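Novice: Pulled these from TrEMBL:
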| type | residues | note |
| --- | --- | --- |
| ACT_SITE | 106 | active site, proton acceptor |
| DOMAIN | 112-348 | domain 'Radical SAM core' |
| BINDING | 126, 130, 133 | [4Fe-4S] cluster binding site |
| BINDING | 177, 178, 209, 232, 233, 234, 311 | S-adenosyl-L-methionine binding site |
| ACT_SITE | 354 | active site, S-methylcysteine intermediate |
Ligand code: SAH
């Protein structure tokens with residue numbers, strides 16, 4: 001089935017306001033609306049971001065008499081875990097969330113020897129309609145609120161702390177949705193994640209992945225946040241990319257790469273280029289050469305290619321490329337002076353790998 005590109009999310013009510021929606025000014029205003037002294041705003045932020053507590057009843061430095069009104073005004077329960085499934089001996093775990101309006105979406109925690117990553121969703125569903133991606137096949141349900149995004153991060157941090165004595169170190173916006181199509185809320189979430197008064201996670205450890213909304217990439221560069229940008233390219237020529245990443249009909253490869261270069265120069269950070277390797281579709285040697293050539297030309301040393309062996313999705317005949325084809329692809333890209341590695345695929349058995357998030361009710 002051919003999906004339509006959707007930039008504007010359907011007008012559906014977002015969830016009630018939550019502390020995580022607010023910046024420091026907003027927190028101060030909210031606390032004063034409740035008739036509480038200003039210092040409570042900092043205390044609440046410390047409890048939430050520092051101690052990962054979202055239930056005012058557990059905030060022992062908050063007077064018992066005000067806990068209920070603080071809970072009502074600032075800590076509605078936004079996400080309920082409906083399922084948690086794991087694989088890779090518990091190193092990969094998918095959470096299926098239900099929002100207050102019944103909308104479902106997913107996040108995935110991945111443990112590695114030297115880092116712990118959570119892959120989070122920015123929208124329920126996605127409007128970008130890439131035919132090889134399960135999320136793209138379901139269309140867009142709605143944007144997530146800032147707090148719904150931040151709550152996925154808090155949940156991952158709590159789980160890593162309580163279950164693994166671990167720390168959340170990396171955050172990737174590579175779950176469901178196109179983050180730059182929900183720009184303001186994603187930006188606010190990135191701020192909550194990186195601010196010292198938020199989770200205080202280094203911006204370098206946060207990756208925002210996009211299909212290539214060129215104007216939004218430039219805007220993000222101008223925010224000077226220093227987050228890592230990932231560009232989902234998947235083809236080095238417009239003819240093929242028009243079909244694999246339909247937004248290419250609006251912003252061509254040259255425009256996406258220009259924007260990526262602007263991002264790399266503004267931030268001094270290397271841009272990641274993602275390329276799902278699909279057997280007999282985009283894995284030909286000439287395409288590897290063209291990819292290497294174009295990326296070297298556009299970005300020089302400021303690019304790294306992540307090849308993702310295609311993860312199969314329901315109803316699609318497409319498959320990953322054979323290993324020898326993959327190896328040759330890597331060799332050719334590198335021959336153009338472009339660094340290139342193959343991403344390990346985590347979570348295939350539990351439909352948690354790249355492109356498999358569909359939040360099916362199970
Ligand atoms: N909309 C953003 C965020 C999604 S990130 C983006 O497109 O960048 C998820 C990454 O996984 C993207 O690079 C996406 O193209 C890739 N992907 C989607 N479906 C996939 C599949 N079936 N196998 C491998 N990678 C896939």
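Counting begins at 1 with the first residue displayed.
The backbone N, Cα and C atoms fix where each Cβ goes, glycine too.
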Novice: For the domain 'Radical SAM core' (112-348), provide the mean pLDDT of the predicted model.
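Specialist: It averages 96.
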Novice: Could you list the residues of the same chain, at least six apart in sequence, whose Cβ is under 8 A from the Cβ of residue 209 (S-adenosyl-L-methionine binding site)?
Specialist: 172, 173, 174, 179, 229, 230, 231, 232, 272, 274
Novice: Per 10 Å Cβ neighbour count, which of the binding-site residues 232, 311 ranks highest?
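Specialist: Checking each of 232, 311, the winner is 232.
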Novice: If you check the recorded positions 106, 178, 209, 232, 233, 354 one by one, which have a CB less than 6 Å away from any atom of ligand 1?
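Specialist: Cβ under 6 Å from ligand 1: 178, 209, 232, 354.
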Novice: Which residues, sitting 6 or more apart from residue 233 (S-adenosyl-L-methionine binding site) on the same chain, put a CB under 8 Å from its CB?
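Specialist: Those within reach of residue 233 (S-adenosyl-L-methionine binding site), by Cβ under 8 Å and sequence separation of 6 or more, are 212, 241, 245, 253, 256, 273, 274, 275, 291.
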Novice: Report, in whole Å, the straight Cα-to-Cα distance of residue 311 (S-adenosyl-L-methionine binding site) from residue 106 (active site, proton acceptor).
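Specialist: Rounded to a whole number, the Cα-Cα distance is 17 Å.
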Novice: Give me the Cα-Cα distance between residue 130 ([4Fe-4S] cluster binding site) and residue 311 (S-adenosyl-L-methionine binding site), rounded to a whole Å.
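Specialist: Between the Cα atoms of residue 130 ([4Fe-4S] cluster binding site) and residue 311 (S-adenosyl-L-methionine binding site), the distance comes to 13 Å.
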Novice: Given the recorded [4Fe-4S] cluster site (126, 130, 133), which additional residues of the same chain have their Cβ within 8 Å of the Cβ centre, ordered by sequence?
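Specialist: Checked against the 8 Å cutoff, the neighbours are 128, 129, 131, 132, 134, 135, 136, 137, 178, 211, 355.
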Novice: Provide, as an integer number of angstrom, the distance between the C-alpha atoms of the residue listed as 'active site, S-methylcysteine intermediate' and residue 311 (S-adenosyl-L-methionine binding site).
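Specialist: Given the Cα positions, the residue listed as 'active site, S-methylcysteine intermediate' is 7 Å from residue 311 (S-adenosyl-L-methionine binding site).
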Novice: Counting only residues 6+ apart in the same chain, whose Cβ is under 8 Å from the Cβ of residue 234 (S-adenosyl-L-methionine binding site)?
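Specialist: The answer is 130, 132, 241, 244, 245, 274, 275, 276, 282.
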